[in-house]
Amino acid sequence: MLSAEQSCWFVRKVIFWRAVASIAWAVLFLPPITAVFVIISRFSLFHPIQAVSECLSFLTSASAIFSFILLCGVIIMVGFLNLEYYTVIPTIACSKIALLGQLLHPRQFVNSLAHCIMGIIVAWCCAITIGGRYETIAYSCTQGDGSPQMCLNESHLILLLAGAFVGFSHSLLGVIYNLNYVSFHTVQQYKYLRFKGSLSLVLKCSATQALYSVRNYIVVYFFLGYVPKSWICKTLNLHLNSSVHPLDSIAGLLDLSLLYHLWISASFLLFTWHMTLLLFRIFVTEVYSFPVQSSFTEDAHQCLPKVLTDKQPMILKFLALQDLALLSQHSPSRRSEVFSLSQPGGHPHNWNAISKECLSLLADLTQRLIAYHDTVATNGRAKSLSTGSERKTSSESSVTSGTEDLMSPRPTLLMRTPASVFARSMVGCSQSPLTAPFTPDLDSPFASPALRRLTAPMDQCSPWFGTVQSPHIMRRAPKLWSTSTDSQVNGSPLASPASVPSPKQEPSKPSLLAQFLQNRKEQVKNVLAKRVLIMYLFNKLPEASSQALFADSQAHIWALEGLSYLVQSSFSEDQFGVVQTALPSILSCMLGLQEAVDRHFKLPHASSKPVRSASSMGDSTHKTLRFALRATLKTSIYRITTTFGNHLNAVQMSAEHRKRLQQFLEYKE
C-alpha cells in the first residue's frame, strides 16, 4: 500500500511546477500587454505625437510601476485559482436545478468573491492608466454658495464597479461553460505552436465577452446604480455634484468615451485572465512519459503499470492513459518492455496490469450504458425491467466470463455524477477512482419507485451483474435464491444458490402512518408536477444526460487505442505470446461495449451533434466525446481484425460475438 506522500508525488513534482511555469509565462507576457493597453487607452488621432510621449512618460512613472505590481499579483492569484479548481472530467448539469445548485455552492461563492475583488483591483489599475476623469474617487468642487467641498467622481466609481461585475460574470460563466475543464488535444503540438494558434481565439473571446458584460452592466447600473453611489457618499462623506449629469441616467450612459473605456478595460481584464487559463491548459496537458518498469524498488510506484492500476489523482490517470496510447503506437522499445516477462518467474506482470486496467475501464463504461438504458426504459420509452420481462443474451455472460482471467469480480456500485465544479481532481491527494458521470436524479420529486429500484446497488450473483443487453433476447429464469448485502460489503463469500434456498417471506403490511405519509407524498408530487416553474427547473435538458454519461470517455478512448495498438504490434513483436492469451477477453469486451454504444445511439438526442460555440473560452470537446468514442471503438476492432484476419476464427467467444466479429472481418460493419 502506497503512502499518501508517494501517491501525490506527481502533483508535487510535476503538476505544481507546470502550474508555476504557466503563471511565470503569464507574468512575462503582462508588460507588453499592459503597454498595448496604455497606448490604446491614451491614443489620440488629432495629437498622435503628444499621445505617444504621454504614454512613454506614464510607463516610467511610479504609479505605473505600482499598478504593474498589482496586476502581477492578480495574475498569480488567477493562476493558483486555476490550479485549485481545474478538472479533467467536466461537470454537466442535467437540469436547471442542478445548474442552479452549482452556482449557489459555497465554494462557488468564495470563487466569485475572489474574482470580484480581483476585478476591482484590475479596474483601479485601468483607471490609473487611463487617467483624466477616471484617476481619483473624489475631486474638489464648489457648492452653490461658493464653499469648497469634496464630490464623488462617478466616472471612477463606475469603472471600479464594472471591474467587479465583469469578474463576477466571468466566475459564473466559468461554471456554465466549464472553463475549469482541461481537455487533451488529439494532435500533439509544441507549447509555442499551441499558444500561437490559440492567441487570436483568446483575443476574440475576450473582446466579445467584454462587450456583452458591459451591455449587461450598463442595464444593471441604470436601475441599481444609485445604491452603491449613495453608500460610497455616506461612507466617505462625499457629495454629489449637481452640475454634472449622473451616470445612472440615459444621458449619462450615452457617453461614447465612457462606453469605450469600459469596453477596453473589460477586454484587458478578460484577456489577461484568459491568457493565464490558456497557458495553464497547455502546460498541464503536456505529454508525460512514464517508465514501463524500473530497476529500483523505490521508483516502482512511478512506473506506468502501477500508475494505471492504483487509484491516483485523475490528472495522473489521464496522462498515464495518454502515454499508454502514444507508446503503443510510436515506441517499439517501450512496447517490448510491456511484452517482457519478469525475472525470475517469467510472468507478464506489465501486460497483465495494463490490460486489466484497460478492460476494467471498458467494462465499467458498458455497465453505465446498461444502467442508463434501463433508466430510460422506466420513463415510458421501453418496458420496465421490473415487470417480469427482464431479459439477457448469451453475449451478456461472455463479456463477464471473457474478462474473468484479467479482472476479479467486484460489486457494481451506484454510479455517481462527477463532483461539482468546485471539487478539484487533486484535492488532498486523494486516490479517487474514475467515477461515472451519470446518476439518475433520485431526489427529484418525480422519481418513480422503479427508478430507485434500478439504481440500487446490484447483486453480484444477479444475472444482470457484469452483463450486456442485446436486441437478441431470451427470457430470464425466475430468481430462486437471495444473497446477503452485508456479506458483499464485508467481503465474505456469498452463499451458493443451490445450497441456500431463499425462505418464502410473507410481505409485511405497511402501517397506517406509513400509508398516510406515502399518500401525502404522492399528492405533493402531483401538485408540484402541475407547476410550470417546477417542471422547468426539474426537467432534464436535451442531450445533457448523454453528455454526462460520456464525460470521462477520453480515458476510454486512450484505453481502446492502447489495447488495440498493443494487440496489433503483438502479431510480430510478442515473442512469448502474452497478448494472445488475453485476446478472447479483449475482443469480447470491445464487442460488448460496441453493442451497448450502438443501443445508446438509438435513443433520442444521442445521435444529434451539438453546435460548437467559438465565442467562449469554454472547451466544448466533451459534448462530442461520445462520437469520438464510437469511432475509436470501431477503428480499434478493425485494427485487430485486419491484423489477425482469419486467425480470429480460432478465438473462443460467444455465438453473438462471433457473428458481430464476422461483420468486421468482412468489412460490413
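Every residue gets a Cβ built from N, Cα and C, even glycine.
Annotations in TrEMBL come from automatic prediction, not curation.
For 395-404 (among others), the entry in TrEMBL reads compositional bias 'Low complexity'.
Per TrEMBL, compositional bias 'Polar residues' is recorded for 481-491.
Residues annotated as compositional bias 'Low complexity' in TrEMBL: 492-503 (among others).
Among the features that TrEMBL reports, region 'Disordered' is placed at 382-411 (among others).
According to TrEMBL, the feature region 'Disordered' maps to 480-510 (among others).
Under the heading transmembrane segment, TrEMBL lists 15-43 (among others).
The annotation transmembrane segment is assigned in TrEMBL to 55-79 (among others). Away from its own ends, the transmembrane segment (55-79) comes close to residues 19, 22-23, 26-27, 30-31, 34-35, 38-39, 42-43, 114, 118, 121-122, 124-125, 128-129, 131, 272-273, 276-277, 280 of its chain (Cβ-Cβ under 8 Å, at least six residues beyond either end).
The transmembrane segment annotation in TrEMBL covers 112-130 (among others). Sequence-distant neighbours of the transmembrane segment (112-130) (same chain, 6+ residues past either end, Cβ-Cβ under 8 Å): 34, 37-38, 41-42, 58, 63-64, 67, 70-71, 73-74, 77-78, 81, 156, 159-168, 170-172, 261, 265, 268-269, 272.
What TrEMBL records for 157-180 (among others) is transmembrane segment.
Residues 15, 18-19, 21-23, 25-26, 29-30, 33, 37, 40-41, 71, 74-75, 78-79, 82-83, 86, 119, 122-123, 126-127, 130, 158-159, 162-163, 166-167, 170, 179, 182-183, 191, 194-195, 198-199, 202-203, 205-207, 209-211, 213-214, 217-218, 315, 617, 619 of the same chain, all 6+ positions outside the transmembrane segment (262-284), place their C-beta atoms under 8 angstroms from a C-beta of that stretch. Sequence annotations record features per position, and here TrEMBL assigns transmembrane segment to 262-284 (among others).
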